[in-house]
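Student: The transmembrane segment annotation in TrEMBL covers 6-23, 72-101, 136-155, 176-197, 203-222, 242-260, 272-293, 300-318, 367-388, 449-471, 626-647, 659-679 (among others). Taken from TrEMBL, the feature domain 'NADH-Ubiquinone oxidoreductase (complex I) chain 5 N-terminal' applies to 64-114. Taken from TrEMBL, the feature domain 'NADH:quinone oxidoreductase/Mrp antiporter transmembrane' applies to 132-407.
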Amino acid sequence: MYLNILMLPLLGSIISGLLGRKIGVTGSHIITISCLIVTSFFSILAFYEVGICDSPVSIQLTSWVNSEYMNISWGFLFDSLTVSMLIPVLFISTLVHLYSINYMAEDPHNQRFFSYLSLFTFFMIVLVTGDNYLVLFLGWEGIGVVSYLLINFWYTRIAANKSGILALTQNRVGDALFSLGLFSIFWVFGNLDYSTIFSLVPYINEVSLTIICFLLLGGAIAKSAQLGTTWLPWSMEGPTPVSALLHAATLVTAGIYLLVRSSPLLEYSPTVLLFIIWLGALTSFFAASTGLLQNDMKRIIAFSTVSQLGYMFMAIGLSQYNVALFHMINHAFFKALLFLAAGAVIHSMADQQDIRKLGGLQKFLPFTYTAILIGSISLMALPWMTGFYSKDLIIELAYAQYNFSGQIAYWLGTLTAIFTAFYSFRLISLVFLSYPNAPKNDYLHSHEASISVVIPLTILSLFSIGFGFIFSDLFVGIGTDFYGNSIFIHPSHITLVEAEFSLPLILKLLPTIGSIFAATSAIILYNKIPNVLIDLTNSPYYLMNSLNNIKGSLGRRIYTFLNGKYLVDVVYNKYLIGVGLKLGNTISKVLDRGIIELLGPFGLSNLLMNTAANVSRLDTGIVTSYALYIVLGLISIIFILFYPIIINSDLLTSDHLLYNSYITEIRLIVIFISSLFLINTKSQYYNN
């Protein structure tokens with residue numbers, strides 16, 4: 001059964017990809033979806049057997065690398081952490097496959113698309129089930145390559161090409177750091193096996209662990225799109241099912257899984273944990289404030305993904321790995337719901353994604369409106385929704401640290417929750433509640449999606465409502481031992497009791513109160529009194545020096561700054577990419593085509609040819625010129641041979657000549673031969 005979980009998605013991908021013309025579009029749909037449905041059923045059985053019954057499974061297939069004391073095998077581990085990851089990965093992948101039947105119905109390359117989706121699922125399963133870092137790295141690289149193929153699926157579009165290249169190149173930087181981390185782990189521990197490494201961690205130098213953790217963190221930052229990376233919002237150029245699969249439950253969660261799996265390493269590296277707290281808090285605030293004034297529907301949801309990933313990093317920095325994993329699972333369900341519902345809107349309205357050009361869709365798409373409303377309410381973590389049981393807990397745990405970093409994380413997390421509620425209901429207001437702004441023909445042709453879209457949206461809506469309530473005690477309840485040894489939390493880092501019982505009630509309710517206020521403000525500002533927002537950015541031309549003009553100018557600047565994503569892309573292009581291109585051009589012109597060519601075969605051949613040409617010019621046929629050359633050569637040879645004696649007369653003393661002479665044996669031989677030549681020449685002169 002456990003090997004079937006691994007092999008069935010790969011089997012579906014191979015059949016759909018290589019035999020697509022034989023089985024046709026419908027056959028590709030049936031085979032890939034059937035394989036994933038069976039795999040999802042097996043994952044439920046594995047969750048019961050491994051997680052509920054506490055019976056981990058380890059499978060050793062065969063040896064992979066066996067060189068001296070480096071022994072790495074094809075091994076797969078099914079523990080509580082693994083089966084918890086398999087549930088969202090396989091469930092959402094199955095629903096995305098089903099959703100894609102309708103969404104990609106008009107695309108001529110269905111077989112290739114479904115093959116890529118199943119192959120991506122296979123590599124994600126390899127990543128979460130491997131029992132050593134090298135198998136994890138294999139899955140890590142696999143999802144990176146297939147994500148490029150999926151983002152760039154419509155490869156005739158320039159925007160899709162650029163988005164795929166951006167995602168691939170930024171992830172390659174993280175992959176390089178991750179690979180350096182693997183080299184460091186092998187250097188320090190002598191192995192890449194989880195059990196060997198984690199059992200030796202308490203005996204390793206803290207500096208070595210800090211370096212290893214920072215390198216692993218570099219890989220996680222790139223893969224999970226943390227502060228400093230820009231690829232995730234731009235990757236919305238791919239098909240909407242790709243956005244739902246990659247950026248809700250799989251690709252972006254790989255970095256979270258890596259850090260959660262490496263919890264024994266992180267627990268003995270407090271410097272890295274402190275850095276992760278700040279990184280997660282700043283990322284969540286940056287992404288949420290950036291999403292406030294975005295106008296692309298999918299990009300708004302993408303920035304909310306980055307913001308929620310920041311919450312997960314914050315929980316990891318607080319050493320609450322179980323809470324981070326629980327929020328990751330919850331987030332996968334309601335974020336997949338938002339992406340798929342947004343795709344239903346886009347598909348119905350002639351592929352229009354700009355929320356300013358939509359509106360009034362509440363009566364045209366009531367089911368889709370309900371799905372987005374459920375996903376948004378769960379995202380803003382209103383009480384008793386799925387997001388509430390993990391998101392608010394992370395904010396409370398930050399305050400329960402009772403230190404400066406925890407306080408900063410709490411307040412940034414609270415502001416992020418407020419911003420999240422505002423842009424979520426801004427999207428709902430402009431798309432569903434405001435006046436219609438799309439062409440009349442689009443409304444006449446708008447329609448609810450088919451059953452293959454309704455089923456995934458219904459299932460994800462139910463998960464977004466009840467999953468957190470049902471499984472919160474199992475995953476993050478006080479005293480739960482669900483994860484067992486798969487997650488390690490140092491006893492001094494356990495703060496769940498303080499977060500549950502010692503915080504003032506107002507601090508617990510503040511994120512919820514702020515979220516409700518922000519959501520209400522968004523509805524009022526964009527539906528009841530829109531002139532307030534218009535006046536903030538517009539001002540009459542004749543009020544050049546008035547207060548209104550100052551407000552209008554300031555409002556436009558704030559709008560441009562936030563809508564332009566803090567101008568991060570401008571800074572990257574001007575100061576990093578531009579400088580890098582100039583440096584590369586200089587290296588190419590000066591070093592590659594200059595110094596290397598001059599010192600290499602090309603330069604050597606030119607030197608010999610030019611020297612030969614110059615020497616040939618000396619052959620003038622004039623005897624006096626030849627005599628001059630001979631005299632100059634003779635003088636030069638004599639000077640070279642006797643210059644130590646000419647420069648330093650002390651060398652003529654007997655001690656120096658016998659014991660420390662600068663005139664070597666070979667030089668004496670040359671002097672002897674030259675002397676014979678001079679004597680012979682002189683004797684011939686006298687004889688004549």
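Cβ coordinates come from backbone N, Cα and C, glycine included.
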Student: How about the transmembrane segment (272-293) and the transmembrane segment (136-155): at least 3 CB pairs under 8 Å, pairs 6 or more apart in sequence, or not?
Tutor: no
Student: Go through the chain and flag residues at least 6 beyond the ends of the transmembrane segment (367-388) whose CB is under 8 A from any CB in it; none is fine as an answer.
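Tutor: Apart from its flanks, the transmembrane segment (367-388) reaches 304, 308, 327, 330-331, 333-335, 337-338, 340-342, 344-345, 348, 361, 417, 420-421, 424-425, 427-428, 431-432, 448-449, 454, 457, 460-461, 463-469, 511-512, 515-516, 519.
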Student: So what's the mean pLDDT when you look at the domain 'NADH-Ubiquinone oxidoreductase (complex I) chain 5 N-terminal' (64-114)?
Tutor: 89
Student: Please indicate, using numbers and ranges, the residues of the same chain that are 6 or more beyond the transmembrane segment (449-471) and have a C-beta under 8 Å from a C-beta there.
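Tutor: Distal contacts: 91-92, 95-96, 98-99, 101-103, 326, 329-330, 333-334, 336-337, 340-341, 344, 347-348, 367-368, 370-371, 374-375, 378, 384-390.
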Student: In the domain 'NADH-Ubiquinone oxidoreductase (complex I) chain 5 N-terminal' (64-114), how many residues does DSSP call helix, how many strand, and how many coil?
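Tutor: Output for the domain 'NADH-Ubiquinone oxidoreductase (complex I) chain 5 N-terminal' (64-114) reads 29 helix, 13 strand, 9 coil.
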